[in-house]
Amino acid sequence: MIIKLIFLICFKIVLSIDNKTKFNETLILDNIDYWVKFNDTITLDSNITSEIEAVSWNFYNNTFNLLAICGKASNFCSCSNYSTSFFNITNNCSLTIFLIDETLFNTTYQIVYSTNIINYKINLLIPVTPPIISYNCANCSINCKKSNGTNTNIFLSINDTIVTYTNESILNYDYNCSILNNNFTVTCIINNTISTSNTTEFINCTNILLSSYLDFFQVTSYIFYMIIFIVTGITVSILISIITFLFIRKRKHVEEIESPPPESNEEEQQCHHDTTSIHEPSPREPLLPKPYSRYQYNTPIYYMRPSTQQLFKSYSLPKPCPPPKPCPPPKPCPPPKPCPPSKPCPPPEPYSPPKPCPPPKPYPSLPSIPLPPDIPPLSTQNISLIHVDRII
C-alpha cells in the first residue's frame with residue numbers, strides 16, 4: 001500500500017512538471033456526446049490498452065478542474081481525490097457517473113493519459129411532445145416545429161410518404177404547388193431515444209384565391225368608407241361656413257336698417273316742449289319704412305312717422321307718467337224703504353159635516369140555471385168545488 005502511494009505521488013509530481021511542455025504535443029483522440037435521462041448511470045470508457053499508464057480525469061465548468069488522479073498497473077487502477085457519491089472508477093480507469101443531480105448534466109468530462117485526450121459531454125435527455133404544424137398556401141410552404149424534447153429527429157410525411165427530415169428544432173419544406181393537389185394530409189413526426197410523438201393536419205388550399213379576393217374587397221370597402229367619411233365631413237364644414245356667413249350678413253343688414261337716422265335740434269326742442277302729445281303727421285312728411293322683423297321676412301312693409309322714431313330709441317328713457325287723478329268720494333246709499341203692513345188673515349171657513357154614505361145596494365139574485373135532465377143533483381155528484389167552478 002505504501003508503494004502505491006509513493007507511486008501516485010511521484011506520478012503527480014511528474015505530471016505537474018511535464019504538463020505544460022507536453023500539452024502542445026498531446027493529441028485529442030475523440031469528442032463524444034452522451035444523452036442520458038435523469039437518475040441514470042453511465043460509464044465513460046478510458047480506452048487504455050497499455051499495461052502501465054498514468055491517468056487523470058478532469059471536468060469542465062467554465063474551466064477544466066481536476067476530478068481524479070489514477071495509476072494503472074496491469075489490471076489494477078488506483079485513484080484518489082474524487083467524490084464517491086457521484087463517481088466511481090473501475091479497474092480499467094473508466095469513470096462511472098451516477099446522474100442523480102442536475103449539475104452533473106451539460107458538463108464535459110475529460111480523460112488524459114499518455115498523449116491522448118478524450119472529451120465526453122453528458123447532456124440531459126428530455127421526452128418529446130407533439131410538434132406544431134403551420135403552412136402557407138400562397139408560398140406553398142410547410143413548417144414543422146419542435147415544442148419540447150432534446151436530441152430529437154423530425155420527419156415530415158405528405159399523404160403517408162416521408163419527404164424530408166432533420167435533427168434541428170424547425171423543419172421547413174417547400175412543396176411543388178403544381179404537382180400536389182389543393183387538398184392533402186401532412187404528418188409531422190418527432191422522436192428521440194426515449195419517446196416519440198406526431199401531429200397530423202389536413203391542408204385545404206382550394207379557397208386561397210377566394211380568400212385573397214375577400215381580403216382585397218375588405219380593404220377596398222375600408223378605403224371606400226373612409227373616403228365617404230372624409231367627403232361628408234368636408235361638405236358639412238362647408239355648409240356650416242356658408243350658413244354662418246349668411247346669418248352674419250343678414251344680421252348686419254338688419255342692424256343697419258334698425259339704426260335710427262340722425263335727428264335735428266328742432267325735433268329735440270319740440271319733444272322737450274310737449275312730451276305727452278303725439279305729433280300728428282302732415283301730408284307732406286315723408287314716411288320711413290318700418291324695420292324688418294327678425295322672424296318674419298315675408299310680412300308687408302309698414303311705415304312710421306319721423307316724429308315717432310324718438311319713441312323707439314333703445315337708449316332713450318321714457319318720461320315719467322303724470323300722477324293719477326284722485327277718485328271721487330263714493331255716493332251715500334239711499335235709506336231703505338219701509339216694508340208695507342202685512343194683510344190680516346181671513347177667518348177660517350166653517351166645518352161642514354160629511355154627508356152620510358148611501359146604503360149599499362142589494363146584490364141581484366143569481367138566475368136559476370136549469371139542469372139538464374141527465375145530470376144528477378150536486379149532492380150526488382163526486383165533483384170538487386174547483387171542478388164545479390171550472391164547469392160553470
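Positions of Cβ are set from backbone N, Cα and C atoms, glycine also.
Record note: of Asn61, Asn81, Asn191, Swiss-Prot gives the feature N-linked glycosylation site to Asn191, with no matching annotation on the rest.
The cysteine that Swiss-Prot pairs with Cys188 in a disulfide, picked from Cys144, Cys177, Cys205, is Cys144. Per Swiss-Prot, the annotated N-linked glycosylation site among residues Asn139, Asn159 corresponds to Asn159. In Swiss-Prot, the annotation N-linked glycosylation site falls on Asn88, out of Asn19, Asn24, Asn88. Per Swiss-Prot, the residue from Cys93, Cys137, Cys271, Cys321 that shares a disulphide bond with Cys205 is Cys137. Confidence for the topological domain 'Extracellular' (17-222), expressed as mean pLDDT, is 84. The secondary structure of Asn88 (N-linked glycosylation site), as reduced to three states from DSSP, is extended strand. When Cβ atoms from all protein chains are considered, those within 10 Å of Asn191 (N-linked glycosylation site) total 17, not counting its own. With helix defined as DSSP H, G or I and strand as E or B, the repeat '1' (319-324) counts 0 helix, 0 strand, 6 coil. Of Asn39, Asn183, Asn198, Asn204, all annotated as glycosylation sites, the residue with the shortest Cα distance to Asn88 (N-linked glycosylation site) is Asn39. The two recorded residues, Asn183 (N-linked glycosylation site) and Asn204 (N-linked glycosylation site), have Cα atoms 5 Å apart. Cα distances from Asn204 (N-linked glycosylation site) to the glycosylation sites Asn92, Asn106, Asn148, Asn159, Asn191 are smallest for Asn159.
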